[in-house]
Each structure stands twice: as C-alpha cells, then as structure tokens.
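K.L.:
Let me give you the structure first, and then I'll get to my questions.
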C-alpha cells in the first residue's frame, strides 16, 4: 500500500511537471511573437512621435523654467517651455485678448492636440486665440498662422462669425464674441 501511494504521488508530480513545461514553452513562443511584431512595425506612431518630440522639448527647457533665465509671472503656470495664465475672471473674447496682450502674451494657440494636457481636470470652456479670417476664408491664430491640419476636423461645425472656446478635454465650441467666459493666455519662453 505504501508503494502505491509513492507511485501515485510520483505520477501526479510528473504530470504536473510536464504541464508546467508545456505552459512555459507556450509562454516563450507568445513572448517571441509579440516582440517580433513590435519590431516589424515601420516606425513610431504619430502619437509616440509627438510624445517623443514633447519630451525632447521638455528636456531642452529643463534648465530654463524657474532657474532665472526664464520664469513665469506670478499666478502663471510653467509647462513645456511656455507660461499659461488660466483665468477665473469672465471676459469677452476681445477683453481676454487685451488682457493677454497687456501681459506680453496672447490668447492660447493650440499647436498639438495634447498641448493643454496639464489642465485636463478642468470642465470649463475658455476663449482661445483663434478666429475666422473672412478675407482669406481660413481659421487663423492671433499671429496669423493657419490652423494645423490635424486640428482642422474639430472646427468643421463651428460658426465662422463667432469666437472659439476650448475645453481642455478636447471639446471646441463657438459662441458670440461678446459673451463672457474664462480665457487662457500663453507666453512662449523660447
């Protein structure tokens, strides 16, 4: 009877050992296939490339923000080589723009979809520095640069006669320019 128990345990442990080996082999094959597929991709995705570019820009600014060579004004937020003022005060689009100009900045100009990532917690809408130029039939930023193609789809359904508001969660709205909303100023450091 004792020999039977020993033999049964040996048989069970042998079967379990074989199952473990098969599972480890399968895991190895899956891991190898996963790594191979990643290395076959032609290049980084646009989002990864953008994230890399932002990281490079951030690295170039590490020595600047707060070190004395560049610093943001009081109540302004430093982020990726820029200073941002996020208002709590409600103003018309023009009054918001005038405030920004008086502080050597402009209403927010969004250059990438991820630019205002530092304020994703907010649910408010803010005036930004984009308006429709009737003469050129194009959306222009305050510096007269055109709206980038990757941002253009967000502006298809807005009324060109209105001013543009942005929500940090990625929503774009238009509103009568004389309405009062919060606004965001942006000052480029570099």
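Cβ atoms here come from the backbone N, Cα and C positions, even for glycine.
Under the heading disulfide bond, Swiss-Prot lists 69-81, 72-83, 100-185, 163-177, citing sequence analysis as support. If you look up Swiss-Prot, you'll see 79-186 marked as domain 'C-type lectin', on the strength of sequence analysis. Annotated N-linked glycosylation site per Swiss-Prot: 104, 144, in sequence order. Taken from Swiss-Prot, the feature topological domain 'Cytoplasmic' covers 1-10. Residues or ranges marked as topological domain 'Extracellular' by Swiss-Prot on the basis of sequence analysis: 32-190. Positions annotated as transmembrane segment by Swiss-Prot: 11-31.
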K.L.:
What is the separation, in Å, between the Cα atoms of residue 104 (N-linked glycosylation site) and residue 185 (disulfide bond)?
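P.N.:
That separation, Cα to Cα, works out to 9 Å.
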K.L.:
How many other Cβ atoms sit within 10 Å of the Cβ of residue 81 (disulfide bond)?
P.N.:
17
K.L.:
Checking your reading of the structure: which of the recorded positions 100, 144, 163, 185 lie inside a 10 Å Cα sphere centred on residue 72 (disulfide bond)?
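P.N.:
Correct set: empty; none qualify.
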K.L.:
Would you count the other CB atoms within 10 A of the CB of residue 72 (disulfide bond), including those on all shown protein chains?
P.N.:
17
K.L.:
Cα of residue 163 (disulfide bond) to Cα of residue 144 (N-linked glycosylation site): how many Å, rounded?
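P.N.:
Computed Cα spacing between residue 163 (disulfide bond) and residue 144 (N-linked glycosylation site) is 15 Å.
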K.L.:
Between residue 100 (disulfide bond) and residue 81 (disulfide bond), what C-alpha distance do you get in Å?
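P.N.:
With distance taken Cα to Cα, residue 81 (disulfide bond) is 17 Å from residue 100 (disulfide bond).
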K.L.:
Of 81, 177, 185, which is closest to residue 144 (N-linked glycosylation site) if I measure between C-alpha atoms? They're all disulfide-bonded residues.
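P.N.:
If we rank 81, 177, 185 by Cα distance to residue 144 (N-linked glycosylation site), first place goes to 185.
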